[in-house]
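As recorded in TrEMBL, the features of this protein are as follows:
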| type | residues | note |
| --- | --- | --- |
| SIGNAL | 1-30 | signal peptide |
| BINDING | HIS108, ASP141, GLU204 | Zn(2+) 1 binding site |
| ACT_SITE | ASP110 | active site |
| BINDING | ASP141, GLU177 | Zn(2+) 2 binding site |
| ACT_SITE | GLU176 | active site, proton acceptor |
| TRANSMEM | 298-322 | transmembrane segment |
Amino acid sequence: MSKHHHHHSLLPTLTLLLLLSLLSISPTNQEQEEEQNTPITRFQQYLRINTAHPNPDYGSAVSFLTNIAQTIPTLKIQTLYFAPNKPLLLLTWPGSNPSLSSILLNSHLDSVPAEPSKWVHHPFSAHLSADGKIFARGAQDDKCIVVQCLEAIKELHNVFAFVPLRTVHMSFVPDEEIGGFDGMAKFVESKEFKELNVGFVLDEGQASTSDEFRVIYADRLPWHMVIRARGTPGHGSRLYDNSAMENLMKSIEVMTKFRENQFDIVKAGWAATSEVISVNPVYLKAGIPSPTVRFQAILVYCGIEIYSVVLLALNLILVVCWSMLELLFLKLVCLNDWSYD
């Protein structure tokens, strides 16, 4: 046999060995599908649905979650509407003793706005970093809870054939980030809610950077306040007594001192952040932006968020803590046309 003939006779063998080696290291279609269909990838898919205000895509979110719910055979699926274009997804996992009061796991579909230009990764890309962090709007507040509930029940039902003693409901509501008036508020007043016979509700909690999670049994009472201040208007180059921004800053300084006092209590370890009164300016509105001339506004606004453990503490702010500056506030309210909306 010639060397030339011997060389060509080896080609089929080498080709076969190469193909076998490639097959041994290349994932099969099934393996690829499994890699793309995990709780993490489903979480990422959900995060890519833009449910941020002011135009949350509720329809796509409900459709996505419904598809997951349909993989759990015994789940009862309902989509309720208490306001146009604001669906509420209600899932029911029947218990072995439906006469007992039920458990409700609640979460919300919407999230706060996101400014893509201020993100390292696009807020709706659900980027997964090398160290396992997912960057997305709503990742913590609180799309993670929605997916966790569904994945846990899916595992318990489909893998372990577990049946709960009590019926478990899951409500995924709209509108939470803007008050919940067309979501949970109307849901709890509905006949559908009363028929659930709810005995215990578990809602969202606080995020944790470790494997330890705090148990939260109540939320602080919110007080949303808008302060409006009037003052002397004029050109930005002039100094005026009684300007609107000057009047506004006087009140903000008072609140800042109180805030520092509460924060010092937390830093000293005497109380948790949830056990003190938080006072925070959250937005300012003043004047009209102009590329040429800057004018001092006649009217300015400041939004204030106050959260307290009990209503009595809110009264304490007004009656005790701020009473020492009563004359200042009287001047601001009565003489300078301040109002509290």
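Cβ atoms here come from the backbone N, Cα and C positions, even for glycine.
DSSP assigns GLU176 (active site, proton acceptor) to a helix in the three-state reduction.
Residue pair GLU177 (Zn(2+) 2 binding site) / ASP141 (Zn(2+) 1 binding site) shows a Cα separation of 10 Å. Here the CA atom of GLU176 (active site, proton acceptor) lies 6 Å from the CA atom of HIS108 (Zn(2+) 1 binding site).
For the recorded positions ASP141, GLU176, GLU204, a Cα-Cα cutoff of 10 angstroms around the residue listed as 'active site' retains ASP141, GLU176. Taking the Cβ of GLU204 (Zn(2+) 1 binding site) as reference, residues of its chain lying under 8 Å away and at least six apart in sequence are, in sequence order, ASN106, SER107, HIS108, ASP141, ASP142, ILE145. DSSP assigns GLU204 (Zn(2+) 1 binding site) to coil, not to a helix or a strand.
Within the same chain, residues at least six positions away from GLU176 (active site, proton acceptor) with a Cβ under 8 Å of its Cβ are HIS108, LEU109, ASP110, GLY183, MET184. HIS108 (Zn(2+) 1 binding site) has a Cβ environment of 26 other Cβ atoms inside 10 Å. Scoring each of the recorded positions (ASP110, ASP141, GLU177) by how many neighbouring Cβ atoms lie within 10 Å, the top position goes to ASP110.
Annotated Zn(2+) 1 site HIS108, ASP141, GLU204; additional same-chain residues within 8 Å of its Cβ mean position, judged by their own Cβ, are SER107, SER111, ASP142, LYS143, ILE145, GLU176, GLU177, ASP203.
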